[in-house]
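To keep things clear, I will list the structure first and then write my remarks on it.
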Amino acid sequence: MSPAPHRDDTGAPWTRADAAGVLVRPGPGDHKYTRGVVGLCTGSARYPGAAVLGAEAALRTGPGMLRYLGPAETARAVLARRPECVPGPGRVQVLVLGSGMDAAEARRRWLGLRHDGTRAGAAAGPDVSAGTDGGTAGADAVPVVLDAGAIGLVGSAVGDGHPVVVTPHAGELAALFAQAGEGRFGTRAAVEAEPELAALTAARRWGAVVLLKGAATHVATPRGRRLRVEVGTHWLASAGTGDVLAGCLGTVLASLAARGRSDDDALAEGAATAALLHARAAELASGGGPLLALELAEALAPAVAELLTHAADAAPAETAGNGRDRPTP
Ligand SMILES: NC(=O)C1=CN([C@@H]2O[C@H](COP(=O)(O)OP(=O)(O)OC[C@H]3O[C@@H](n4cnc5c(N)ncnc54)[C@H](O)[C@@H]3O)[C@@H](O)[C@H]2O)[C@@H](O)CC1
Ligand SMILES: Nc1ncnc2c1ncn2[C@@H]1O[C@H](COP(=O)(O)OP(=O)(O)O)[C@@H](O)[C@H]1O
């Protein structure tokens, strides 16, 4: 069974046909650098597993290359599992920051990456080691996914000119609102009561694309576009599956950025596509029973293959609900 489109009057359901339009098969003219390179700055001495899960997920979604930019001790764990991963700085088309880090470590890493030139630009070929100064960013700053401990950096990243996708669960979004002194969505219960409005409010407040995780995934843009993805199975509600989503999202966004797309619509479509792949991978990994986050990550590759196969024979009517022209509440 595939994730069912939602039929009520909330964010537009993001369909398999919509998502298939976001992914591309590699062609004869491709090499690893044309397909998108993901930079992963995730994991910590406390949570090395989050880095392993994100790396497995990013690779199984099919990037040209994955660079691991996190702590050395965590890099060893990532490389032991996935030798395909390239450690150390270099050019990337997207940066994923914060899974498996606390806020203090995420901030330290962010300042270090910024100093090393993370903002150098998607179109021109962003280079996390380019040594450009840490001043005002240009419009071509590399897209950034802020997860877990890095969510509070959204203001800084947007202020620096990065296209940003922030990926909170309800508790993390409530904490972000509470820290900003905005009471309406300052509790987990308040976010869970109106998740779509909470995501939209945050997108407008911080000028970033918001992917709010939960039993359904809500994506919102600062201009009010809303997309929704239903989960395939509630077995997905287990530790580490969010780290998997962040890695998958990194690869989808790197592929879009490599094709020159990192505007808010592209980020939102990439976010909804990653959520849909994640939901489908959960069904494949679960088979009706418990799933492990690492198995979920592994199942992303067949989920990508299925979606690309679907693209060939998708009915045009299936793409009707992509939310581009919907009014906002
Ligand atoms: N394998 C790994 O390395 C994993 C690492 N993870 C990382 O762990 C970090 C913390 O993530 P969380 O979102 O869990 O944040 P927290 O650990 O801050 O927990 C969120 C909230 O849940 C509450 N809570 C904790 N245990 C509870 C329980 N047994 N019953 C009820 N409430 C409980 C806490 O009091 C807190 O308010 C993130 O950096 C994340 O990426 C997680 O993704 C899980 C897997
Ligand atoms: N009740 C649920 N049913 C289905 N999926 C869920 C449910 N609750 C959470 N999820 C999904 O599980 C993942 C959990 O992510 P997250 O909370 O970041 O966990 P972690 O930090 O442990 O990786 C998200 O993709 C979220 O959408």
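Glycine too: its Cβ is placed from the backbone N, Cα and C atoms.
Marked as domain 'YjeF C-terminal' by TrEMBL: 15-307. Per TrEMBL, (6S)-NADPHX binding site is recorded for Ala50, Gly100, His169, Asp243. Feature annotation from TrEMBL assigns AMP binding site to Lys213, Gly214, Ala215, Ala216, Thr217, Gly242.
Features recorded in TrEMBL, as mapped to the structure shown.
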| residue | record | DSSP (3 states) |
| --- | --- | --- |
| Ala50 | (6S)-NADPHX binding site | helix |
| Gly100 | (6S)-NADPHX binding site | coil |
| His169 | (6S)-NADPHX binding site | coil |
| Lys213 | AMP binding site | coil |
| Gly242 | AMP binding site | helix |
Across all chains shown, how many C-beta atoms besides its own are within 10 angstroms of the C-beta of Ala216 (AMP binding site)?
19
Return the members of Ala50, Gly100, Ala215, Ala216, Gly242, Asp243 (the binding-site residues) with CB less than 6 angstroms from at least one atom of ligand 1, or none.
Ala50, Gly100, Gly242, Asp243
What binding-site residues in the list Ala50, His169, Asp243 lie within 10 angstroms of Lys213 (AMP binding site), counting C-alpha atoms?
His169
Quick one: of the binding-site residues Ala50, Gly100, Lys213, Ala216, flag those whose CB is under 6 Å from ligand 2, and say none if nothing qualifies.
Lys213
Which Cβ among the binding-site residues (Gly214, Gly242) has the fewest C-beta neighbours inside 10 Å?
Gly214
What number of additional C-beta atoms lies within 10 angstroms of the C-beta atom of Ala50 ((6S)-NADPHX binding site)?
29
Gly100 ((6S)-NADPHX binding site) to Gly242 (AMP binding site) - Cα separation in whole Å:
10
Take the domain 'YjeF C-terminal' (15-307) and average the pLDDT across it for me.
92
Quick check: of the binding-site residues listed here (Ala50, His169, Asp243), which one has the Cα closest to that of Ala215 (AMP binding site)?
His169
